[in-house]
């Protein structure tokens, strides 16, 4: 079995009543915005080998199911308790974020528990819908999820190549999609020290609620493969432009498979040892025959 460097965050989003009202109850419009936010999240997290899969959206159309307060810490704690007691029984997920139209005190636009990823009570965040610009809100969500992944705020010694890094304490007027060197180190330390298990499993394509996006590195309904952008695709069997396997593909893995084709008949695939005479490919299968 090949080593898979990727981690997978199965994300559940809750839209509070104020945000539903802000969009005049147009849930389709909110969904479209959410799908765009998640696409940006995947762009941001791809360099860290993290894929974000949206596995659920809940709209609080009639009333909020928690007390959404302008004190961000109070709202975060209330949302965490609701999520722990209600959501696991309904939807398998790794992390939940509350999208809200409330204006938090002291200029706060989001909050999250540090290193909370995979914790039953702490794998949550809150994000204020503070801008009409998708990138601004997506970066805020990436920032809060970053806290869940063990990242702290950047200081003056942190850099991401001259850009305004994601984990700065305050959102820049010219935000970028880049994490700093400090964030990379803190994330690595979190993975090494906390060993969060919930982000190791790849979600099923049928669990993902957002429309399939060819090129996002996540296998979704209707796709035969998805190896990311064409320039980054490492899968020789996959047509990155269509997310379909090439018509000539015979195999993808196996002792008798090479570059998506069966190895020629007679090719040695298992050395002779003791009573085992070894094995040779048939030219018709990716598996090495067992005598």
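Any Cβ shown, glycine's included, is placed from N, Cα and C.
Feature annotations, courtesy of Swiss-Prot:
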- 1: pyrrolidone carboxylic acid (MOD_RES)
- 10, 94, 198, 201: Ca(2+) 1 binding site (BINDING)
- 89: N-linked glycosylation site (CARBOHYD)
- 143, 147, 153: Zn(2+) binding site (BINDING)
- 155: N-linked glycosylation site (CARBOHYD)
- 181: N-linked glycosylation site (CARBOHYD)
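Put simply, residue 147 (Zn(2+) binding site) is 14 Å from residue 94 (Ca(2+) 1 binding site) when counted between their Cα atoms.
In this structure, the binding-site residues under consideration are 143, 147, 153, and the one with the smallest number of other Cβ atoms within 10 Å of its Cβ is 153. Counting every protein chain shown, the number of other Cβ atoms lying within 10 Å of the Cβ of residue 201 (Ca(2+) 1 binding site) is 12. Each of 8, 9, 92, 93, 95, 118, 199, 200, 203 belongs to the same chain as 10, 94, 198, 201, is absent from that list, and has a C-beta within 8 angstroms of the C-beta centroid marking the Ca(2+) 1 site. Other than the site residues 143, 147, 153, same-chain residues with C-beta atoms no more than 8 angstroms from the centre of those residues' C-beta atoms, the Zn(2+) site, are 112, 144, 146, 151, 152, 166, 167, 169. When the alpha carbons of residue 10 (Ca(2+) 1 binding site) and residue 89 (N-linked glycosylation site) are compared, the span between them is 15 angstrom. Taking the Cβ of residue 155 (N-linked glycosylation site) as reference, residues of its chain lying under 8 Å away and at least six apart in sequence are, in sequence order, 182.
One residue stands out among the glycosylation sites 89, 181 for having the most other Cβ atoms within 10 Å of its Cβ: 181. Following the DSSP three-state reduction, the secondary structure of residue 10 (Ca(2+) 1 binding site) is strand.
Spatially close to residue 198 (Ca(2+) 1 binding site) yet at least six residues away along the chain are 10, 94, 117, 118, 123, judged by Cβ distances under 8 angstroms. Recorded residues residue 143 (Zn(2+) binding site) and residue 201 (Ca(2+) 1 binding site) have their alpha carbons 23 Å apart, per Cα-Cα distance.
Under the DSSP three-state reduction, residue 201 (Ca(2+) 1 binding site) is assigned to coil, being neither helix nor strand. Distances between the Cα of residue 89 (N-linked glycosylation site) and those of the binding-site residues 147, 153, 201 are shortest for 201.
Among the binding-site residues 147, 153, 201, the residue whose Cα lies closest in space to that of residue 181 (N-linked glycosylation site) is 153.
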